[in-house]
Amino acid sequence: MGSTMEPPGGAYLHLGAVTSPVGTARVLQLAFGCTTFSLVAHRGGFAGVQGTFCMAAWGFCFAVSALVVACEFTRLHGCLRLSWGNFTAAFAMLATLLCATAAVLYPLYFARRECSPEPAGCAARDFRLAASVFAGLLFLAYAVEVALTRARPGQVSSYMATVSGLLKIVQAFVACIIFGALVHDSRYGRYVATQWCVAVYSLCFLATVAVVALSVMGHTGGLGCPFDRLVVVYTFLAVLLYLSAAVIWPVFCFDPKYGEPKRPPNCARGSCPWDSQLVVAIFTYVNLLLYVVDLAYSQRIRFVPSL
């Protein structure tokens, strides 16, 4: 998983890219991803935002996985101006989260045990159930790669392969869920305090993405300050910022003085501001916990930026 080319005279093709445990997991990702996408596109069907997200997630993961396997097999990854170990570790974690979400959403919104009344309804049901099974297998294939490539205690590795690096991807993913709930009629603009919370989410998200981007591009060595120290300082600040949001957001959304402590009975399903506010509150605490765990692990990581 290094970023250097083989010495002259070596084999041009790297068979270990498809025969090693990690390579086998990637081949299975391609097989399961293509099967899932094809089943849904051919007869299973999809609709709405949820279906579009699932298809986009599967298509994106398949395309990048194919690129990774091709570059590993032909040893062309050494020609790319990025840290290959950081890139593959970050993508595997992101793909795991995307495929996990799709593996939950597609069966929840589209899979049914009963046949639909339209012609060939039972065939569509069978295709959707099969797609749901392969979507779950696809998630497991990416999760296996994350488990195989994760840095072990005492092992020197690329930053994104450490627990702290993997948590950065999860933090950014959770922040995207928060943003999705915020734009879905959460009424965050009513108070300056809730606007502060949005600023916290945005600032921490941008900083996390910057850390991931610098690691993947291999530019962590030219910052004028040790990268691991910067990561620890930023993570500590993120914990403080999220702690403030974890206190402020519930008060200004669910306290009787400012908001609704209970879900309004006349609130329509799918378009209720209270639901969006609850989602934001829950995932604020999730991200706070992730940053606390990240801070604990950041104290003892050892990594090589160029891997």
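Glycine residues also receive a Cβ, built from the backbone N, Cα and C atoms like all the rest.
So that you can see what the record holds, here are the features copied from Swiss-Prot:
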DOMAIN    17-154  domain 'MARVEL 1'
TRANSMEM  53-73  transmembrane segment
TRANSMEM  90-110  transmembrane segment
TRANSMEM  129-149  transmembrane segment
DOMAIN    159-303  domain 'MARVEL 2'
TRANSMEM  163-183  transmembrane segment
TRANSMEM  198-218  transmembrane segment
TRANSMEM  229-249  transmembrane segment
TRANSMEM  278-298  transmembrane segment
Are the transmembrane segment (163-183) and the transmembrane segment (90-110) close, by which I mean at least 3 Cβ pairs under 8 Å that are 6+ residues apart in sequence?
yes
Recorded stretches the transmembrane segment (129-149) and the transmembrane segment (90-110) touching, at least 3 CB pairs under 8 Å:
yes
